[in-house]
Amino acid sequence: MVRVTSVGCFLLVIVSLNLVVLTNACIPEGSSCSSSGSCCHKSCCRWTCNQPCLIPGKRAKLLEFFRQR
């Protein structure tokens, strides 16, 4: 009787661990996202998982302006 109970507990632990892994799955880098919490690196930038989140500054905007002329 003890052996059956321990096998049942062991199987229950395996099933519960599989459920935890499935619910904690994160979105890999480069995939589309809606919030930072769903990305693996916790960085959702412009609806894409990126690490780090790069936002162009004044210099990048100025260079883009001169390229258009």
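Don't overthink the numbers, they just go from 1 along the chain as shown.
Cβ from N, Cα, C; glycine included.
Looking up Pro52, Pro56 in Swiss-Prot, the residue bearing an annotation of proline amide is Pro56. Here Swiss-Prot annotates a disulfide bond for Cys39; of Cys49, Cys53, the partner residue is Cys49. Looking up Glu29, Glu64 in Swiss-Prot for 4-carboxyglutamate, the annotated residue turns out to be Glu29. Which of Cys33, Cys40 pairs with Cys26 is settled by Swiss-Prot: its disulfide partner is Cys40. Distances between the Cα of Cys26 (disulfide bond) and those of the disulfide-bonded residues Cys33, Cys39, Cys44, Cys45, Cys49 are shortest for Cys39.
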